[in-house]
Amino acid sequence: MKTKKSLFKAVEPYLYLLSAFALMFLFVYYPFGISIFKSFFLTNSMGTIREFIGFENYRYLFKNPTFIKAIGNTLKFTVFAVPLSVGVGFILAVAASKKRKLSPLYETLFSLPMAMSASVSAMIFELMFNPMLGIINRVMNLDINWLQDIRTAMWVLIIIRVWMNIGFNYLFLLSAIRGLPEDILESAEVEGANTVQKAARIVLPLVSPTVFFLICNSLAKAMTMSGLSLILTSNGGPSMSTETMISFMYKAAADSQNYNIAYPAAIVAFGITMVAVVLTFIYEKRGVFYN
């Protein structure tokens, strides 16, 4: 009896996780495995396998100029959206770190963007950047079709993504900053450090683990961005300037039923994202301080 009870206690924690593992396998690992497997086969519009063709789908994919441009667009989006969203969140968190009477008000205002879905945020900014009725053109006295101009379309998507991520980053960083030892910050003030010096040389290194987590989180979101591109510029924008890897894959699968492109596009997108995350973890040893 004791042996059975001890065995059950050893297995019990894993039983609680079994349902989560089952869902992960059903909705993540199994579809991903099928995508890898079918990417080496010629399939029809229903996804049914016809014949093995090896890496031919990948060769055809990399000859597609739209996909090559989608890779560049995704990297551009990531390079600007990730540091801006984390940086602005850090600045707001530093500014709001000291509790005041109005703290609940601006804490709510700063974190409000995270409560809105991508579709709602896209609709709000679509109205703001409307060439005829938008407030941006009126205030700045401009006549620009922001979402249909090759020079500005991607920058609009970057601005929207930064705005959407600010609230999430702000809350994590605010919690981390308020958890810092008061004596360290007070000693910096006594030694004459101004707000910028204190934030850059003391606060930032101390909250670097939180910053690193937020960079990884924002990186994964940016590399797999498709919603804003599909909602605001469904055709890929002017000259495909807003087409991303995931929006390309989605349209190949959902609109064209061309799984011979969609499957390898998904695998390539995963591979590039994984490389970006691995490079970020390599930097962790030099830029993140856990003690």
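Each Cβ is built from the backbone N, Cα and C atoms, and glycine gets one as well.
TrEMBL does not curate its annotations; it predicts them automatically.
Taken from TrEMBL, the feature transmembrane segment applies to 14-32 (among others). With a threshold of 8 Å between CB atoms, the same-chain residues lying at least 6 positions outside the transmembrane segment (14-32) that come near it are 270.
Summarising the annotation, TrEMBL assigns domain 'ABC transmembrane type-1' to 71-280.
Long-range contacts of the transmembrane segment (77-97) within the same chain, counting only residues at least 6 positions beyond its ends with a Cβ under 8 Å from a Cβ of the stretch, are 103, 106-107, 110, 154, 157-158, 161-162, 165-170, 172-174, 176-178, 195, 199, 203-204, 211, 214-215, 218-219, 222-223, 225, 244, 276. The feature transmembrane segment is assigned by TrEMBL to 77-97 (among others).
For 109-133 (among others), the entry in TrEMBL reads transmembrane segment.
Here TrEMBL flags 153-173 (among others) as transmembrane segment.
Nonlocal intrachain contacts for the transmembrane segment (261-283), taken as residues 6+ away from its ends with a CB within less than 8 angstroms of a stretch CB, comprise 32, 35-36, 38-39, 43, 57-58, 60-61, 64, 67, 71, 74, 78, 212, 215-216, 219-220, 223-224, 245-246, 248-249, 252-253. If you look up TrEMBL, you'll see 261-283 (among others) marked as transmembrane segment.
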